[in-house]
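Asker: For reference, the structure I am asking about is given below.
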Amino acid sequence: MSCPVIELTQQLIRRPSLSPDDAGCQALLIERLQAIGFTVERMDFADTQNFWAWRGQGETLAFAGHTDVVPPGDADRWINPPFEPTIRDGMLFGRGAADMKGSLAAMVVAAERFVAQHPNHTGRLAFLITSDEEASAHNGTVKVVEALMARNERLDYCLVGEPSSIEVVGDVVKNGRRGSLTCNLTIHGVQGHVAYPHLADNPVHRAAPFINELVAIEWDQGNEFFPATSMQIANIQAGTGSNNVIPGELFVQFNFRFSTELTDEMIKAQVLALLEKHQLRYTVDWWLSGQPFLTARGKLVDAVVNAVEHYNEIKPQLLTTGGTSDGRFIARMGAQVVELGPVNATIHKINECVNAADLQLLARMYQRIMEQLVA
């Protein structure tokens, strides 16, 4: 017996949509949505394809996701070509199966079933889809959100289909995400010969006490929703490659994943104060990729928990761990934002796969969420 969710997922996987190339995925989704009465607005920016689609009016529940995928890596290491979907032992293999073409298929099929049963639904059902989530994310969801906010679009609830689950579908639901702040720091010294250190100023030596103190800071202890803020050095570079040259500069890049106990300005102020304390000459550049956000218990969280409990008979954990997602942009609209998607064990890996039965289950969960909020 054929399954519309699996069939649509396979059609999407066959389109090699390496970010930000959509490769025809959105045209396929748009065709399905227009067939059930959705109005579709394409909102392309530069090399990125996006669309905003809606049906009905009133309180708005949007489903958000991305059609782009990361590169497959060495295709010869896959058990089948990465863009040729294959089912083995109940698992659907292919790049994007879990992140997140399976979720997109489940959303669309859920909408088709929902509209068939509730053609005159009382709320507004919407979709916000982009082809640039995995790469820079500069021209994707963030630009669509800015355009929607500029015209005062209303968005009450948003379900993001990112692969949130760990062992079984629905065991983890993300009701928030930590903020992400990156510091690109250059410590300036004076280049010279290692045999004449008095004629140079070694930025590595100067920066070492600063780095040690930075690493030792306990930024906060987190709270009931967020783990403690973490700081990790990601890159550090100095020197010419020669063993007889004192470097003139040290570059160090570090990233903060921060909770709602802090703001990005508080972090910046503490880092800058530490630099001044150690009397360093420096140039600094900050990149804030997202503020922390949290959706506390409310109508959306309750609807998602209800759907998981109904179909999988488990109570999901509400967590804010992991990386950033496009939910950070959507939360700016004042919407309640929750992430629910398939198991994430193989995302971005060789032989990415998802349990085919999980996608069928996910479509039912999505439909039940629609029924609770906009029927």
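Keep in mind that glycine also has a Cβ here, set from the backbone N, Cα and C atoms.
Given the structure is predicted, the values throughout are model-derived calculations rather than measurements.
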Asker: With D99, E162 listed by Swiss-Prot as Zn(2+) 1-binding, which of these, H66, H198, H205, is given for the same site?
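Answerer: Among H66, H198, H205, only H66 appears alongside D99, E162 as Zn(2+) 1-binding in Swiss-Prot.
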Asker: Restricting to the recorded positions E133, E134, E162, H348, which ones have a CA within 10 Å of the CA of D68 (active site)?
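Answerer: Close recorded positions: E133, E134.
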Asker: Just name the winner among H66, H348 (the binding-site residues) by count of other CB atoms within 10 A of its CB.
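Answerer: Top count of Cβ atoms within 10 Å goes to H66.
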Asker: What is the total of other Cβ atoms whose distance to the Cβ of E133 (active site, proton acceptor) is within 10 Å?
Answerer: 26
Asker: Going by DSSP, is D99 (Zn(2+) 1 binding site) part of a helix, a strand, or coil?
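Answerer: Assignment for D99 (Zn(2+) 1 binding site) reads helix.
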